[in-house]
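This is the structure I want to talk about, given as structure tokens.
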Amino acid sequence: MSASDSSRSTPEQVIRRADTNAIRTKAKKNPWAPIVLSLDGGGIKGLSELFLMLKIMDRIEELIMEGISEESNIKDDKLFAFTKDPILLPCYFFDFMVGTSTGGLIAVMLGRLRMSVRDAIKAYWCLGNDIFLSHRVARPYSSTKLKDAIIRVITDHCGCHEPGQDCHDTEPLRQYDYAEENDISYNKTPHRQNFTCKVALVAQRKKKGSQVPYLFRSYNHSRRSEGDLLEHNPMTLGGKALHMWKACRATSAAPFYFKSMAIGRDDFLDGGAGNNNPSNIAWNEARWMSKPVHPQPNATSGNGTVAAVISLGCGEKEKHHLFGNQTSIFYLFQAMRYGKSRISDTESAHNETHRLAGASDSDYFRFSVKPTDGDRGNKGLADVKLSDCVRESKRRLWGYGPLKEARQPVGGTELPLPDWYTALQTEATPQGERRKKGGFKPEKFWYTTFDTIFHRTEEYCKLHNDGGEDVRGDIDRCAKTLLSYARARQADDPERWKCHVSHPDPAHDFFLESTRRPRPRQEENGG
């Protein structure tokens with residue numbers, strides 16, 4: 001840039017360029033330090049996390065297209081020229097995805113199943129409709145429906161089976177490349193060495209009348225420190241092929257909504273019962289995993305550093321106090337409300353992760369829809385219940401008459417939906433044998449809860465220096481951080497980067513050959 005160009009720049013442009021240069025410099029210092037995506041639990045409001053993730057991914061794509069590296073399109077960019085999937089996937093940019101409850105389901109979709117954000121949104125619409133659209137009076141939330149909906153997502157998006165072979169409900173949570181470098185599994189089966197995004201689901205294990213956090217992992221975690229309570233249930237997986245749906249069902253077993261989940265001799269509850277915002281757990285998990293299994297004397301790398309944590313929430317809520325009313329019947333009501341509010345508590349974990357990141361000079365971004373003030377203000381997602389799934393028929397009473405042209409989103413006024421959104425709804429509509437009574441049918445119904453979550457998330461993402469909130473600027477900085485680390489990794493070790501963006505399973509269409517990861521011998525391929 002010439003001096004004349006610099007003199008014509010606005011102060012905001014100068015600051016933005018300085019931020020970008022600082023991000024790039026930081027990424028080059030330790031390009032392979034882990035980058036973490038943390039996903040709160042929030043029932044149906046987890047859909048907001050996917051809309052937030054879509055904003056980040058769209059901004060990354062815009063940055064590539066803006067000519068940062070002077071490429072004309074994404075496939076011409078050296079970062080992704082060799083990939084077989086033309087769509088940018090979130091798993092390219094993260095080393096860990098850690099989620100609680102429905103955040104755990106999203107972590108599995110984006111990380112373990114390596115889905116695009118748009119595919120995950122479509123799956124979430126159908127899953128939310130099946131789970132939360134009540135057709136019964138007694139016990140409206142069915143654990144069986146939850147299980148079936150989870151299995152359907154897994155079988156639809158696994159993609160790791162030969163033609164003619166179906167994916168069944170026995171698909172393991174353990175990913176193909178589950179082994180840590182230098183552990184026993186890696187030495188025996190080098191093609192199992194982990195290079196790709198890893199997934200952990202947070203649940204609560206019942207133990208002697210109390211509950212303790214428990215992580216269901218898709219990868220090995222050998223113990224690094226004896227007796228450290230922050231290193232949750234470390235273990236090597238080996239032949240422990242826990243079914244993916246069981247881990248998803250365990251992290252989603254929310255009290256007041258679904259039964260606990262029995263696995264082996266243990267019972268598990270929704271991780272949100274104590275860790276609805278898992279960002280502090282995710283931080284510690286990445287910190288431990290970045291340390292070597294067998295540290296070498298005077299080692300200068302792998303010292304437990306974390307590059308960045310991106311924490312996505314499901315919206316701020318109204319706070320309930322246990323002793324808000326002293327009369328007996330209202331006290332009972334307040335106790336129930338307080339119990340449910342604990343399931344969705346996120347603030348303490350946010351504060352702790354913010355402190356940890358600040359002390360370590362790590363990047364930390366937290367996005368969660370907030371209420372807005374003013375004439376056009378709203379409650380954010382506070383007036384959307386965890387189990388809401390409101391829909392309204394597009395036809396008049398009894399199905400007669402023309403389609404309605406208007407509907408009212410929850411707590412708001414009618415707003416138009418963008419073309420891509422309605423097109424995505426059409427793509428998500430089940431066809432053939434999948435089409436059933438009560439299924440997702442956007443041609444017949446307005447899904448006002450889904451639309452409200454979309455509109456409120458959109459409004460939040462547009463905030464720019466409004467009352468101290470600069471969400472739009474933070475999304476831009478977050479996208480630049482993720483892209484800068486990706487570029488630094490590709491420059492540092494192109495073959496390792498190829499392994500990182502490749503699907504780890506040789507049976508998958510998007511598997512990439514690399515000198516860093518040998519193909520397994522035929523007899524090892526199914527192990």
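Glycine is no exception: its Cβ is also placed from the backbone N, Cα and C atoms.
Annotations in TrEMBL come from automatic prediction, not curation.
In case it's useful when we look at the structure, here is the feature table from TrEMBL:
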{"type": "ACT_SITE", "residues": "Ser101", "note": "active site, nucleophile"}
{"type": "ACT_SITE", "residues": "Asp270", "note": "active site, proton acceptor"}
{"type": "DOMAIN", "residues": "37-283", "note": "domain 'PNPLA'"}
{"type": "REGION", "residues": "508-527", "note": "region 'Disordered'"}
{"type": "MOTIF", "residues": "41-46", "note": "motif 'GXGXXG'"}
{"type": "MOTIF", "residues": "99-103", "note": "motif 'GXSXG'"}
{"type": "TRANSMEM", "residues": "87-110", "note": "transmembrane segment"}
Ser101 (active site, nucleophile) to Asp270 (active site, proton acceptor): how many Å between their Cα atoms?
6
Using DSSP, would you call Asp270 (active site, proton acceptor) helix, strand or coil?
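SS state of Asp270 (active site, proton acceptor) = strand.
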How many other Cβ atoms are found within 10 Å of the Cβ atom of the residue listed as 'active site, nucleophile', counting all protein chains shown?
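There are 34 of them.
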Near the residue listed as 'active site, proton acceptor', how many other Cβ atoms are within 10 Å of its Cβ?
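Total other Cβ atoms inside 10 Å, all chains included: 29.
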Tally the residues of the motif 'GXSXG' (99-103) by DSSP class, grouping H, G and I as helix, E and B as strand, and everything else as coil.
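Counts, helix then strand then coil: 2 helix, 2 strand, 1 coil.
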